[in-house]
Amino acid sequence: MTTSQKHRDFVAEPMGEKPVGSLAGIGEVLGKKLEERGFDKAYVVLGQFLVLKKDEDLFREWLKDTCGANAKQSRDCFGCLREWCDAFL
């Protein structure tokens with residue numbers, strides 16, 4: 001699977017206070033929807049990812065239900081968080 005520059009940039013360093021829109025698969029529209037639901041930072045979405053025990057199906061379904069992410073967007077976001085966890089946790 002090839003990854004986007006956004007994905008590579010995200011997983012290359014600690015998350016810190018990065019905005020939710022810095023996650024691969026999350027653009028301006030989805031980012032705004034997530035922010036409206038309290039998921040304003042990438043680390044808050046990471047928390048949900050971890051609560052769901054890094055389960056791909058559960059996380060992607062949650063992302064779809066929460067902000068309307070399509071299959072590619074949810075797959076990109078999941079892959080980004082999974083790779084970040086592999087590198088930093």
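For all residues, glycine too, the Cβ spot is worked out from N, Cα and C.
Database features, via Swiss-Prot:
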MOD_RES   MET1  N-acetylmethionine
MOD_RES   THR2  phosphothreonine
MOD_RES   THR2  (Microbial infection) Phosphothreonine
MOD_RES   THR2  N-acetylthreonine
MOD_RES   THR3  (Microbial infection) Phosphothreonine
MOD_RES   THR3  phosphothreonine
MOD_RES   SER4  phosphoserine
DOMAIN    20-35  domain 'HhH'
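Here the features listed in Swiss-Prot are painted onto the structure.
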| residue | record | Cβ contacts under 8 Å, 6 or more apart |
| --- | --- | --- |
| THR2 | phosphothreonine | none |
| THR3 | (Microbial infection) Phosphothreonine | ALA24, GLY79, CYS80, GLU83 |
| SER4 | phosphoserine | ALA24, ASP76 |
Local confidence of the prediction over the domain 'HhH' (20-35), expressed as mean pLDDT: 98
